Amino acid sequence: MAELRLPPNSVVKKGKEHKEQEEMLKPRKVKIYRYDPDLDENPTIDSFEIDLSKTGPMVLDALIKIKNEIDSTLTFRRSCREGICGSCSMNIDGTNTLACIKPIEEISGDIKIYPLPHMKVVKDLVPDMSHFYAQYESIEPWLKTDSPTPSNSERLQSIKGREKLDGLYECILCACCSTSCPSYWWNGDKYLGPAILLQAYRWIADSRDDHTGERLEDLEDPSKLYRCHTIMNCTKTCPKGLNPAKAIGKIKSLIAERHGV
């Protein structure tokens, strides 16, 4: 008989409770996933009571308040605070999103914050993005041309050619979509996932790129591309309102056209 076991330190336990001593006008409890691999202990869910009347409107504001005033060991990424850099991607209230643009008022009850699913956790809310970025590098996300670079101008593009990149170039590589995709959970070692495939199509669709055929040939692989089963979690969760599933469909259509289908 097979003996099934959970990996070491995989059971999430109840952690510390930090209660506010002063009277609060707008009390709210924030529950945060905590994990430090250096301690060789199970992850925990720590609870923090904060006064929303003394913090900003976004979830990131609450995290910064907790780190600055309650527990300085709380670890998370953040930078722009404008939904541009993608640093503060995490799972909030069951949905992958950006903490800096997620309004607290949209969340009912306790605010529950976890790191992005599927990825190895570096510490607390910080996921290891190494594999994700390696996959991004594999699609060669830069302009590949055969003609020499113009000496006195940039490579020009028509207005219509530029419009084809709308809904693609805005991707900030936050990984919210890829880590919400069950196909990526199951086959993340080979399947590129929605974020990387959207980025791949961004270069395929660029009228200035001369290597469309080569890019499509590289993606024509049972694992890299065709593990997409149109579950649509990617489109639902994208904090920028993009549609990775549509981009994946476009790639499949172009490959089919190359085979006369």
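From the backbone N, Cα and C atoms, a Cβ is placed for every residue, glycine too.
Listed by Swiss-Prot as binding [4Fe-4S] cluster are CYS171, CYS174, CYS177; the candidate from CYS228, CYS238 that the record includes in that site is CYS238.
Checking Swiss-Prot for region 'Disordered' across the ranges 1-23, 24-46 points to 1-23. Below 8 angstroms of C-beta separation, residues 83-87, 89, 95-98, 116-119, 127, 129, 131-132, 136, 198-199, 201-202, 205-208, 223-224, 227-229, 231, 233-240, 242-244, 246-247 of the same chain, each at least six residues beyond the ends of the domain '4Fe-4S ferredoxin-type' (161-191), sit close to that stretch. Listed in sequence order, the residues ARG78, SER79, ARG81, GLU82, GLY83, ILE84, GLY86, SER87, CYS88, LEU98 complete the 8 Å Cβ shell around the [2Fe-2S] cluster site centroid, once CYS80, CYS85, CYS100 themselves are left out. Note on the domain '4Fe-4S ferredoxin-type' (161-191): DSSP counts are 12 helix, 0 strand, 19 coil.
Of the listed binding-site residues, namely CYS80, CYS100, CYS177, CYS238, the sparsest CB environment within 10 A is found at CYS80. Counting every protein chain shown, the number of other Cβ atoms lying within 10 Å of the Cβ of CYS181 ([3Fe-4S] cluster binding site) is 28.
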